[in-house]
Amino acid sequence: MRVSYQWLSEYVDLNDVTPERLAELLTSGGLTVDAVTTRNQGVEGVVVGAVLACEQHSNADRLKVCQVDAGTGEILQIVCGAANVRAGVRVPVALVGAKLPGGVEIKRAKLRGVESSGMLCSAKELGLEVRLLPTEQTSGLFLLPEDTPIGQSIVDVLHLDDAVLDLDLTPNRGDCLSMRGLAYEVAALLGRRSHFEEKAEGHHLDVSDTPQVRVRIESAGCHAYAGQVLQLTGNHQPSPLWMQMRLLAAGIRPIDAIVDVTNFVMLEWGQPLHAFDFATVEAGQIIVRDAEQGELIETLDGQKRVLAEGMTLIADPKKALGIAGVMGGANSEISVGSRSVLLESALFERSHVRRTGQKLGLRSEAQQRFERGVDPAVQIPALKRAVALLQQIVGATPQGGVCQVTSDSMPSMLAHEVCFSPARCNQVLGTSFQASEMRNVFSRLGFTVIGQGETENWRIMVPSRRADIQLEADLVEEVARLCGYDAIPATLPMLANAPGRVGESYKLQKMTRSLFTNCGMDEVVTYAFGHPESISCLRLPENHSLRQSIPLLLPMSEERSHLRRHLLPSLAQVALYNLNHGVKGGAIFEISRVFHPYQLPLVQQPEERHSLGALWFGHTDIELGRPTRAYTFFDAKGVLEYWLMVLGLQENLQFTRSHLPWLHPGRSADILVNGVTIGSLGELHPESALQLELPRAIWAEIDLTTVASLPVHAWQVHPVSRQPWSYRDLAVLVDHEVPAESLLIQVRKNALAVMPHLQLTAKIFDVYSGKGIPVGKKSVGISISLGLEDATLDDDSIQRIMDAILHGLRLEYGAELRGQDS
């Protein structure tokens, strides 16, 4: 944010504080000043002059000879080539000996045989920011108002002796996006009084029961809406020069008196305003509603915008008039013929404004303030100030009273209470500040202190403009800021001299990262925060425990306002981002914590569990001799089986049918080790994939906290048998719902029951259903390898084993040997 030093000095006494010293104070107080620049780029000896006469140059078609009164006591003859020079205008005059930006010095000269004693100046020649000026001021002479005093220094007229501080504000200090907030901040840093309210106060306005405009709020994106209708009596005109210079110093382009007043008040009070041509408002009624999917609106920048459902609109009964908090509509723009104006002062929900701006690719000064939070207490005072300025500048007349409507979600305008312990503050900071010093800090900030001594807890009443102060830690920070970080002694922490030890959980995570990356997967790191609605892709019932997430007291944004319960939404966003940027597919994983509250609101620390999430999406990379293909369930299953084998958990590994609502009912499995569920694996349910805007994808999630608690079976090395192995294949018919994994477990169980020292492997080589297979059945082909370490299996032993296998499959799953009658 760009801040005018002169403007700020109107509200706080800065007579003994230079701009550079002010920048140091603000930076040391936590409001970083990136740069301090002076508006005067080298202008010296330039005054206001009146062109008395203007004649064509006798020897040049494009030059004119002007007679100029510059207040020097004589009439100056100056040759000028500007197209807009004419008798009667007042312009900047660079006298002989004057200096302009770039080191240019004005001398008496002859132009085509005519003597010229000075120079009439354009905005560019004065070093003004031409890109911010109105179009008519960007070329030719810089025309001044007709009442500008002749002979006055242009440095004073254009406030070029001002300095501009460029502030880099953190997101939590939205209050300092206004002169009001900065005046309070600077006054607190200097220990002085802010005169903002008395300097910027507007006229009294009554809230009317029968206003000229009627307002109805139908959207959750609006907390409060106030409107005042004004009748215009004069012509469309520019704002006063002093106001234009204030806007230029802040980096805002002057437009006309009405728009400039709304921008000026926004900079002054921090409350964005908007002006509608009231004649375009159907039936004098404003409706704040949500946009319909695909609804169109042409904005003030001339672009036609396609709106999405959920965006908040300002509308009348027939049409949209503007996008709430972002930009107005072209159909309600103030024009030369406007004779009545509706001034809007509203409080819009910050998350709605942010999402709308991001989706539409729009960014505005108003949007920036709504995103960071606007003080609800300034809604009406800012409107009063704007009305007073318009009465003063254009002779506007209020019609009726103010129409003010609030919703149930309207934030409180009252001060909120935060508890504070002086003793704990000193303990945290490592200081010995007196209670009186801390009380003085809060008094300078405009906070009310309820409490006395150092040993008791104080109640601090914080005004609504400081919404960033919510915790005791925030108050401790304020004490540190205003007492000065230099007053905090530098001390080394006391560290226990104990040998380091790597925990088992860390070892597990480190090994998992190494193995998954060796399997060709990419690790991602995402925010541990999310929005409660992001979990809707899991298709959970409304009362499901996973929907109970922990809200943050001071979220970084509305989209990241809660601690996440599940990793799928975060990894799905990464996958979608890559697909939208031309990546054909990928395999990603993340190891992070998820947070499970025992109850809400929190009464104890929530349970934090380490979780592994993995997502396979799109197609595999092209490899030599192998075409690209879509990732499948078995790609993911192979990685997880290998990982569990390396961990030594393969002995009692089992995959059973999963019933999780976010996984495909026929292409998913729960993962069990020793009968304990450690996670799940499967293709995303089509509805979940559609909601996440992902094509077919495979998802796996493992509870690493549970895995770390499982007993590990050490690898056993067996000598390679010198005896030949025997191989048998069988195909059995089972019900379609029977998992193939269960058949393999049963095969091993029955075979080892016959011969405990048997070496056996069993694998599925085919699963078929269709022609020749009864309805509701499937054929599962199992390949079995049999052997002994010190002997060769004879045919009778093999037959006994196979008979036991088939008998067990028949008893447990009703299996029938394919090709034979039961």
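Every residue number used here counts from 1 along the chain in the order it is shown.
Note: Cβ is positioned from N, Cα and C throughout, glycine not excepted.
Listed features, source TrEMBL:
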- 40-155: domain 'TRNA-binding' (DOMAIN)
- 413-490: domain 'B5' (DOMAIN)
- D468, D474, E477, E478: Mg(2+) binding site (BINDING)
- 721-818: domain 'FDX-ACB' (DOMAIN)
Sorted by sequence, non-D468, D474, E477, E478 residues with Cβ within 8 Å of centre, Mg(2+): R466, I469, L471, A473, L475, V476, R481
Site with most surrounding Cβ atoms, counting all protein chains shown within 10 Å, from the binding-site residues D468, E478: E478
Packing count at E477 (Mg(2+) binding site) (other Cβ atoms within 10 Å of its Cβ): 17
DSSP-derived structure type at D468 (Mg(2+) binding site), helix or strand or else coil: coil
Which same-chain residues, if any, lie at least 6 apart from D474 (Mg(2+) binding site) yet have Cβ under 8 Å of it: V418, D468
Counts of helix, strand and coil residues, the domain 'B5' (413-490), according to DSSP: 33 helix, 13 strand, 32 coil
